[in-house]
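Down below is the structure, laid out as structure tokens.
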Amino acid sequence: MKTIIALSYIFCLVFAQKLPGNDNSTATLCLGHHAVPNGTLVKTITNDQIEVTNATELVQSSSTGRICDSPHRILDGKNCTLIDALLGDPHCDGFQNEKWDLFVERSKAFSNCYPYDVPDYASLRSLVASSGTLEFINEGFNWTGVTQSGGSYTCKRGSVNSFFSRLNWLYESESKYPVLNVTMPNNGKFDKLYIWGVHHPSTDKEQTNLYVRASGRVTVSTKRSQQTVIPNIGSRPWVRGLSSRISIYWTIVKPGDILLINSIGNLIAPRGYFKIRTGKSSIMRSDAPIGICSSECITPNGSIPNDKPFQNVNKITYGACPRYVKQNTLKLATGMRNVPEKQTRGIFGAIAGFIENGWEGMVDGWYGFRHQNSEGTGQAADLKSTQAAVDQINGKLNRLIEKTNEKFHQIEKEFSEVEGRIQDLEKYVEDTKIDLWSYNAELLVALENQHTIDLTDSEMNKLFEKTRKQLRENAEDMGNGCFKIYHKCDNACIGSIRNGTYDHDVYRDEALNNRFQIKGVELKSGYKDWILWISFAISCFLLCVVLLGFIMWACQKGNIRCNICI
């Protein structure tokens with residue numbers, strides 16, 4: 001019987017303990033941070049997957065599907081390649097003297113004049129594209145003794161046989177083709193680009209009919225360079241009804257230099273020069289439509305925003321563009337470590353601090369306070385610590401963009417078959433650069449994410465230490481991010497703790513008295529629920545055992561009779 005009384009006393013004593021915050025003479029204050037039900041996984045240096053409350057995607061993986069016409073000046077090549085427009089193919093006459101920032105070549109572009117080849121096509125195309133203009137100046141070359149302005153049925157202007165408008169086809173006059181020696185000085189202050197060519201007849205008869213001599217020769221010289229080309233007579237695959245060809249060459253004449261042209265036949269002469277400008281214009285092959293919009297960055301797939309530091313839309317770009325990487329996604333943490341709030345808090349539903357979990361629903365700040373006191377419960381954000389974290393995180397994205405956005409363009413590389421090894425080397429270099437940047441991007445983002453998480457954890461710890469130093473012995477650290485305050489602390493008192501104006505000395509005596517007046521054993525919150533349930537179960541079990549023993553003893557003494565009927 002004494003055992004029953006003792007256990008009952010313990011049982012009642014345990015349940016009689018006053019819950020934190022329910023006693024008018026105490027209060028509970030917890031510190032916590034923002035949490036969301038479903039966070040975002042990011043990568044850090046130490047963890048491949050860590051959940052944060054918020055993250056920003058750093059890789060632009062889609063385009064607008066169209067090329068914006070602003071702020072760059074876009075010139076749509078339509079049916080013309082840049083070289084056809086340069087030479088003056090009849091169906092490209094509309095491009096004469098045009099200017100551009102980006103010349104867009106279409107896959108449907110075609111040549112519609114005399115068949116030609118350019119031995120150094122890529123260099124000429126790149127040179128003219130970067131110049132950004134087809135401005136042409138005619139010059140008065142003196143071609144005495146030959147017939148000028150030859151034409152062909154394969155190159156019609158309207159219904160008339162014609163030729164490239166920027167070139168002058170010279171052939172025999174009265175069965176004569178004298179030796180040609182023509183000079184043209186550059187008295188300007190800019191570089192001049194001269195385009196000229198050599199005609200390769202398909203037969204010896206065609207050669208003599210046009211140029212009298214059985215073999216021609218063309219030499220073009222400046223003080224710095226000399227090119228000599230001997231025609232190759234012979235049949236070639238038929239193109240637009242012709243098996244003969246023209247080879248296109250080009251010469252740059254510097255200011256103060258002289259252009260010298262010497263020929264005994266087969267010369268396709270220049271009519272003048274193109275002004276060469278130094279600039280950042282370029283060319284791009286694309287079939288994306290040109291639209292009325294604005295974008296600094298253009299790819300063959302279309303324009304893309306440049307508000308992200310990386311993109312994997314296309315390696316070829318023009319303008320201020322994000323750096324190309326292989327990854328489809330790289331997420332930058334812009335929030336703190338996410339620890340979703342527990343839905344239940346034991347049998348008491350008690351509040352808990354940041355050590356155990358975050359708080360959902362705290363929309364006005366990243367860090368804050370929850371309290372229980374005689375006036376009820378409440379929650380408020382700490383704006384100062386929130387702002388300190390936000391200020392440091394906000395600049396991360398802008399800094400990444402500044403580090404990675406290219407202020408130049410990555411143009412297409414073209415090489416002839418003879419330059420195959422150079423092309424392979426160029427491809428290897430470009431692929432290596434992309435691999436390095438992809439690795440660097442992943443490492444950079446992981447470092448920034450690690451710093452963000454460490455930073456936000458640090459701000460939480462700073463706020464906790466600041467609160468602990470204010471309360472001192474007036475409160476006890478409960479070990480879960482909460483303090484049990486041993487004096488009456490109304491909402492005004494709680495507010496003073498939050499804003500840093502709490503006066504420890506005012507409450508010191510009351511707190512000390514309340515500490516000593518607490519009765520019974522105060523169990524730690526982490527084990528209280530378990531101990532209460534275990535105590536209750538043991539008490540019930542022992543009570544049943546004692547009751548059963550009493551019944552059996554009474555039956556033996558005859559004080560109780562038990563009849564079992566079947």
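Residue numbers in this text run from 1 along the chain shown.
Glycine is no exception: its Cβ is also placed from the backbone N, Cα and C atoms.
So that you can see what the record holds, here are the features copied from Swiss-Prot:
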CARBOHYD  Asn24  N-linked glycosylation site
CARBOHYD  Asn38  N-linked glycosylation site
CARBOHYD  Asn54  N-linked glycosylation site
CARBOHYD  Asn79  N-linked glycosylation site
CARBOHYD  Asn142  N-linked glycosylation site
CARBOHYD  Asn181  N-linked glycosylation site
CARBOHYD  Asn301  N-linked glycosylation site
CARBOHYD  Asn499  N-linked glycosylation site
LIPID     Cys555  S-palmitoyl cysteine
LIPID     Cys562  S-palmitoyl cysteine
LIPID     Cys565  S-palmitoyl cysteine
SIGNAL    1-16  signal peptide
TOPO_DOM  17-530  topological domain 'Extracellular'
TOPO_DOM  552-566  topological domain 'Cytoplasmic'
TRANSMEM  531-551  transmembrane segment
Q: Select the closest residue to Asn38 (N-linked glycosylation site) from the following glycosylation sites, measuring between CA atoms: Asn54, Asn181, Asn301, Asn499.
A: Asn54
**Q.** For Asn181 (N-linked glycosylation site), the three-state class that DSSP assigns
**A.** strand
**Q.** Distance check against Asn142 (N-linked glycosylation site) for the recorded positions Asn54, Asn79, Asn301, Asn499, Cys555, keeping those with Cα within 10 Å
**A.** none
**Q.** Cα distance (Å, whole number) from Asn181 (N-linked glycosylation site) to Asn301 (N-linked glycosylation site)
**A.** 50
Q) Given the recorded positions Asn54, Asn181, Asn499, Cys555, which one's Cα is the least distant from that of Asn79 (N-linked glycosylation site)? A) Asn181
Q: Find the shortest Cα-Cα separation between Asn499 (N-linked glycosylation site) and the recorded positions Asn54, Asn181, Cys555, and name the residue that gives it.
A: Asn54
Q: Check the glycosylation sites Asn79, Asn301 for other C-beta atoms within 10 angstroms of each C-beta and report the one with the most.
A: Asn301
Q.
For the C-alpha pair, I'd like the distance in angstrom between Cys555 (S-palmitoyl cysteine) and Asn54 (N-linked glycosylation site), rounded off.
A. 72
Q) For the glycosylation sites Asn38, Asn54, Asn142, Asn499, which one has its C-beta crowded by the most other C-beta atoms within 10 angstroms? A) Asn54
**Q.** Number of other Cβ atoms within 10 Å of the Cβ of Asn181 (N-linked glycosylation site) across all protein chains
**A.** 11
